[in-house]
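Quick notes on the structure that follows.
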Amino acid sequence: MKAFQRDFIEFAIERGVLKFGEFTLKSGRVSPYFFNAGLFNRGGDLAKLGRFYANALMDAGVEFNVLFGPAYKGIPIATTTAVALADNHNLDVPYCFNRKEAKTHGEGGNLVGSPLEGKVMLVDDVITAGTAIRESMTLIEQQQASLSGVLIALDRQERGKGELSAIQEVERDFNTQVISIVSLADVVSYLGEKGGFDNEIAAINTYRENYGI
């Protein structure tokens, strides 16, 4: 695990974005942890979040021309990542996001920002069912662009309805790479290093035995 990954987990726990306990997911599964990126809701948090996304992107070394943030949660993530790439990595990258409903007046259409063209890096918080990715792929293909990769905060490393995780399904279906700042395995490693989280680690390991990939 790299320093920026350790720092990200610490940051997420400090801000209450990553919590431990019992949480019923949409799938009906009772998860021993919950990740809610919507709680990165202050200016300073958002600036810091962008730096983590930018670090993960640079670390992965995937070539791309434009950042795309699917509405709604992907919009501030794409924005802050673009700022962090410019400020910290000397990369002035265009970004784009979509509207949920197409605008019929003014500039019209359902895309805002830079043209969606070339190699697209899609940024979002997590992939649960892959629905947002599939909807975004329709937009990307309509613009004759290609999906270079997907960047998310946390890989839950959890099976969907079949044997694969939602991330593995996205990678298979769209022949692309999904990059995450951290994975659930990284979270477990971090908790082990910090100490005092034996119950949380045991609960996560049991959950992974049932639903992990």
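Cβ coordinates are placed from backbone N, Cα and C, and glycine is handled just like the others.
As the structure is a computational prediction, the values presented were derived from the model and not from experiment.
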Given Swiss-Prot annotates PHE34, PHE35, ARG156 as orotate-binding, which of THR79, THR80, THR81, THR128 belongs to that site as well?
THR128
Within 8 Å of the Cβ centre of PHE34, PHE35, THR128, ARG156, which other residues of the chain have their Cβ, at the recorded orotate site?
LEU25, SER31, TYR33, VAL126, LEU154
Looking only at C-alpha atoms, tell me how far LYS73 (5-phospho-alpha-D-ribose 1-diphosphate binding site) is from ARG156 (orotate binding site), rounded to the nearest Å.
18
Measure from the CA atom of THR128 (orotate binding site) to the CA atom of LYS100 (5-phospho-alpha-D-ribose 1-diphosphate binding site) and give the result in Å, rounded to a whole number.
19
Spatial neighbours of PHE35 (orotate binding site) among the binding-site residues LYS26, ASP125, ALA129, defined as Cα within 10 A: which are they?
ASP125
For the binding-site residues ILE127, ALA129, which one has the sparsest Cβ surroundings, going by other Cβ atoms within 10 Å?
ALA129
